[in-house]
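Q: Here you go, one structure.
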Amino acid sequence: ALSMLATTAGLYVIPWCKEYLLLTVLMSVIGGSMGILDTGGNVLALNTWGAEAGPHLQALHFSFAAGAFVAPILAKMALGGSESKELPGAEKTNQSVLKSVPTASAASTTPALEDRNNEDFLWSYIIIGTYILFISIFFFVLCSKGSSGHDKPKASAQKRKLAKYHWPLIGLLFVFFLFYVGAEVTYGSYVFTYAVDFAEMKESEAAALNSVFWGTFAVCRGAAIFGAAFLSPGTMIVMSLVCSVASSSALAFFADYRASLWGGTAVYGASMATVFPSGISWVEQYTVIEGKSASLFMVGAALGEMCIPAVVGYLQGRFHHIPVVMYAAFATSIITALLFPVMYKLANISQEKDLKEVRDSETRKALLSNSRLTEDEEDAEDEEDMREWNDADFEVIEMNDKLKNSLTDTSRRIPGDSPAEVSLQPHLDNVLGDSPVVAGGSPGRQNGNVDGEKSE
């Protein structure tokens, strides 16, 4: 919301700016706010949808492609139409004569044309700025209400840990996006010049070739919104890189053929469409992408957008007869195709180590739980043994009580003070005093002793 508000302020002030220093400051503010929007938008999409952010990232970057395709057409309709109406025969007129001999009609037409162009530029800035202002207000409303839906993704992101090779992986992605975005912007910027200078096309044909590149670029990004629901980000990146290498090879070595130029441009634009959003979705599968990580590879993309077109333009100016643009497209395609397997290997090594650590920790927990179960089982067995011994003791005590009762009853049945009563008393004391012997004996033996005493 803040970045779009700063963009709106810059767009409102720029049409009335007359000082180049102030204009530079305003353009820097807009550039910085656009960079914040790029970084914050990608991170916001990841925080909002998490692992399901693939189609949403494709939709986000499709809006960039749609704007890049539609905006020049609208600008040409707004600005080019008025110029052609004011000077319908300008192309057939000797421009040097018009400059050297300013007639009254020319003098009156030129200020009117300038005023009309200034008015069109003014309204263009105002319309775009107002549109961005409404979107900024919409985001401010969302921030004021708050969104409880962001709590779960943030909590899940906090539970996840950074990959073991997080920063090397982000560094490789930095270089990957540097060459990818640089190649995309370079070809989109110079394909018109290449078509006019090397392919000797008319300007209308060259403009159509440029539109083919950006048109296939936008269409494939729109199709990727639905394709991301069925294909993994890694698969989409591999398909894009293979098509990029094939099409750039055709452009670099067979661009003399018109069919190869048109077909190669269409396929190259389509292959460049899904790499950037798929790359963000792919790396998010292996590590946590936060503001710092996202800003790092977004800086790589911005450097590629700034440096590679400048280098290619400089070399093309030095070597007029060499198609530097096509060779640059081929070289960057090879570099990105070689970088992705390295990133994939590094990400999988990190993931395998994390899984190994998780398995080791789970194994330790299992061993600890097994040892605890063994100790518990041993304790349970000891308790069962103690219970068995206690039960045996209770049985012996019960047997002694029964034997004592039986002997007491027998002694009561003998009349008077017979010698049997005297002889029974020591036997009874021995029996009660030595319980194991009685417990081990048999009832028959006990009865035999009693009968013998009776007969005596």
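Cβ coordinates are placed from backbone N, Cα and C, and glycine is handled just like the others.
Pasting the feature list from TrEMBL:
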- 20-47: transmembrane segment (TRANSMEM)
- 59-79: transmembrane segment (TRANSMEM)
- 122-144: transmembrane segment (TRANSMEM)
- 165-192: transmembrane segment (TRANSMEM)
- 212-231: transmembrane segment (TRANSMEM)
- 238-255: transmembrane segment (TRANSMEM)
- 261-283: transmembrane segment (TRANSMEM)
- 295-315: transmembrane segment (TRANSMEM)
- 321-344: transmembrane segment (TRANSMEM)
- 405-415: compositional bias 'Basic and acidic residues' (COMPBIAS)
- 405-456: region 'Disordered' (REGION)
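For each feature listed, report its degree of burial, its nearest neighbours and the pertinent distances within the displayed model.
A: Below 8 angstroms of C-beta separation, residues 2-4, 6-7, 9-11, 13-14, 53, 56-57, 60, 150, 153-154, 157, 280, 284, 289-291, 294-295, 298, 301-302 of the same chain, each at least six residues beyond the ends of the transmembrane segment (20-47), sit close to that stretch.
Taking Cβ pairs closer than 8 Å, the transmembrane segment (212-231) reaches residues 54-55, 57-59, 61-62, 65-66, 68-69, 184, 187-188, 191, 262, 265-274, 277-278, 281 in its own chain, all 6 or more past its ends.
Here the transmembrane segment (238-255) has long-range neighbours at 198-199, 261, 263-265, 267-268, 270-275, 278, 323, 326-327, 329-330, 332-334, 336-337, 340, meaning same-chain residues at least 6 beyond its ends whose C-beta is under 8 angstroms from one of its own.
A Cβ distance under 8 Å defines the sequence-distant neighbours of the transmembrane segment (261-283), meaning residues of its chain 6+ beyond its ends; these are 42, 46, 53-54, 57-58, 60-61, 65, 169-170, 173, 176-177, 180-181, 183-184, 187, 191, 195, 199, 209, 212-221, 224, 227-228, 232-234, 236-237, 240-241, 243-244, 246-248, 250-251, 254-255, 289, 294, 297, 301, 329, 336, 343, 347.
For the transmembrane segment (321-344), same-chain residues at least 6 beyond its ends with a Cβ under 8 Å from one of its own Cβ atoms are 169, 172-173, 175-176, 179-180, 182-183, 186-187, 190-191, 193-194, 198, 234, 237-238, 241-242, 244-245, 248-249, 251-252, 255, 268, 275, 283, 308, 312, 315.
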